[in-house]
Amino acid sequence: MITVLILQGWGKPLKHGLIHHLVQVGMPRCLPSSLANVGLLWPPALLLCRPEVSNTHHKPSPPSLRLGEWTWLLYLPCTWSIGLAAEPGCLPDWRLLSLFGVGAVLMRGAGCTINDMWDRDYDRQVARTASRPLAAGDISTFQSLVFLGGQLSLALCVLLCLNYYSIILGAASLSLVVTYPLMKRITYWPQLVLGLTFNWGALLGWSAIKGSCEWSVCLPLYFAGVMWTMVYDTIYAHQDKKDDIMIGVKSTALQFKEDTKQWLSGFSLAMLLSLCVAGMNCNQTFPYYSAVAAVGAHLAHQIYTLDIDKPENCWKTFASNRTVGILLFIGIVLGNLWKQKDLKNVEDPSENR
């Protein structure tokens, strides 16, 4: 979820002294240090701050770090797919990596806007979210819709830079983006739906390179990403379980309770096995499998050190998952470069004599 502050025009002050109000209700972390990290899109411009996290959950981290965690988790599966689709011996396409990075920022923002719109009634019931602009009545649903339209329009511009197959595939994910916020009302497994949504880039990255999906690679990669999301978002949900019980919101944290670590271990194992299948189906090499092993070690450490009853520990563990995604991306890149070495050895065996 995001905090959205509506400005009345370029360079004009916030209506009703909203900045002062936010400081008064204990939210100075969005201002002013984060102002340099966000831009004004158009009048009436909107200022985006990262998801609000209760001070009772953990010590505030730097605004730029908090701002990017969820965007990274959305972006990294795209990089895995783009990396795996690269030609042997070649680096991933930097243009597509950049394009998908912009798309991740936009779709992350759109998802948060939709989430805030669906949850405004719930947010009013919880002290740490009651001051959010929609819940507090500082902005209207219509203004939020206008902003959402702008975000989705910009995201569409990014999508239209891809091939026709990828445009259709990318558009298909919108139904998940819109319906995910409703899942916490009807099932204890909303994290699974988030996984299906957040890891769509594992399909889209490959198709953007190749023109279509190689399902023997893309599906195991996608499944691995979904299992990864089940791990980190279950950990994240343990921060809010008391509030969730109070307002009637469901999550895997409430479903698994004290058995959380056993479930996380199962999800982690499924992720690692799926990554191995994806690697074998696209002829990955030693650096890739080394990275998968490093990912496994990182996940094992997360689970071992996790304390589900300490929100600050849950946040720290959740935030460490960016490292997991980066480790795997590095392994994919190095593994792809290693393929060229293997090809040379096959083409000229005399060099090995």
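Backbone N, Cα and C atoms are what each Cβ position is placed from, and that goes for glycine too.
Automated prediction, rather than curation, is the source of TrEMBL annotations.
Among the features that TrEMBL reports, transmembrane segment is placed at 152-180 (among others).
The annotation transmembrane segment is assigned in TrEMBL to 192-209 (among others). Long-range contacts of the transmembrane segment (192-209) within the same chain: residues 73-75, 77-82, 84-86, 93, 96, 100, 104, 111, 162-163, 165-166, 169-170, 173, 176-177, 179-180, 183, 217-218, 221-222, 224-230, 233, 252, each at least 6 residues beyond the stretch ends and with a Cβ under 8 Å from a Cβ of the stretch.
Feature annotation from TrEMBL assigns transmembrane segment to 221-237 (among others). Long-range neighbours of the transmembrane segment (221-237) within the same chain, counting only residues 6 or more positions beyond its ends whose Cβ lies under 8 Å from a Cβ of the stretch, are 73, 77, 80-81, 84, 191-192, 194-196, 198-200, 202-203, 206, 244, 251-254, 256, 260, 263-264, 267-268, 270-272, 274-275, 278, 299, 302, 306, 308, 314-315, 317-318, 321, 324-325.
Using a Cβ-Cβ cut-off under 8 Å and counting only residues 6 or more beyond its ends in the same chain, the transmembrane segment (263-280) has close neighbours at 84, 217-218, 220-221, 223-225, 227-228, 230-231, 234-235, 252, 256, 288-289, 292, 295-296, 299-300, 302-303, 306, 328, 335. Here TrEMBL flags 263-280 (among others) as transmembrane segment.
Residues or ranges marked as transmembrane segment in TrEMBL: 286-306 (among others). Sequence-distant contacts of the transmembrane segment (286-306) (same chain, at least 6 residues past either end, Cβ-Cβ under 8 Å): 231, 235, 260-261, 264-265, 268, 271-272, 275-276, 279, 313-314, 317, 320-321, 323-324, 327-328, 330-332, 334-335, 337-338.
Feature annotation from TrEMBL assigns transmembrane segment to 318-338 (among others).
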